[in-house]
Amino acid sequence: MIEVYGDIEKMTETSFLLLTNSNQALKIYVFLFNGSRVWTFIENLNKNEFKPQNSVQRNSLSEEIKISKATSKIFLFMCFVTCCLWGIFPFLDRQPGEKIRLPLSGWYPFGTDTSPSFELVYAYQIFATWINGMGNITMDTFISGAIMAISVQLKILNNSFEVMTVQNYQSRNLRCESTLKNLRRALVKNIVHYKSILQLSAEMTSLFTICMTSQFAVSVIIICMTMFQMSLVSVASLQFLSMLLYQACILLEIFLWCYYGNEVIIESEKLTQSAYVCEWIECTKEFKKDLLFFMTRTQFPLKLYAGGYFTLSLGTYMAVGVLLLQFTGATNR
């Protein structure tokens, strides 16, 4: 950046990778510094409160896990293809007689125009970029998986209230003392489950809020930088395709967080209605009081924030898309 300072084209070409790698270094620091807390967070997912209690809940959990795994594989494949394109476009996207240049801009304390230094730096750039991309995606999908786990637990909790209602109608005798006691225990169990979900979401936010905030800020800048770079190359070139895939990876990073964060909001908003539909009219005063407290608390849906500024929701993701369109329009003008 110091060497090319003042050259807008070269500075933007260098800056998007500089920002990506700097953001990744921050994520690595967070994971290493909070290593014991991360393991505790994983172990807490095996608490009894979070285990599915029926086939519907197990199927919901299994389905979300399958989707999360498939998304991670697609994400890793996109990263692999992007790195491969970065490796081959210097050979194909060059004019006759033009020297092969390195895939990525960078400064080295020695010349890179001659052999074998060129080959060594070339191999280093491709290998390091591939390793960095895999590591970055692994951390991002871990965070999205943690948010997914919270949304699934809220879905399971909604189903638990629905099961309470079905059981009540099956009993046909709500005035039976044993039935009322079972109903009370089920309510207390669901409230404990909800408290555990709140604790899990608070711990997730505390652990990864720095990563998510920096990713949002860096992603917006990178999107603008890559759009500028894409406007300088031919649409039919491999460099354009590689930049397009790179931008798709950046957008997918924050999309996963926003999508699952939006699912958390949707599922938490259902809790009040799910609790209300249970047969509370014939229940005891203590049951009604506990149910009322729970319904009052769930009037405020659970939302996950990045740094206290960005709500993880599809609305936030759309705002990033609007910014991208505005920058594209300004670039065209």
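Note that Cβ sites are derived from N, Cα and C of the backbone, with glycine treated the same way.
Taken from TrEMBL, the feature transmembrane segment covers 74-92 (among others).
The transmembrane segment annotation in TrEMBL covers 207-228 (among others).
Annotation source TrEMBL lists transmembrane segment at 240-260 (among others). Note on the transmembrane segment (240-260): residues 16, 71, 75, 78-79, 81-82, 85-86, 89, 133, 137, 140-141, 143-144, 147-148, 150-151, 212, 215-216, 219, 222-223, 226-227, 229-230, 233-234, 306, 312-314, 316-317, 320 of its chain, located 6 or more positions outside it, place their CB under 8 angstroms from a CB of the stretch.
Among the features that TrEMBL reports, transmembrane segment is placed at 304-327 (among others).
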Intrachain residues whose Cβ lies under 8 Å of the transmembrane segment (207-228), provided they are six or more past its termini: 12, 15-16, 19-20, 22-23, 26-27, 30, 34, 37-38, 41, 139-140, 143, 146, 243, 246-247, 250-251, 253-254, 257, 305-310, 312, 320, 323-324, 327-328, 331
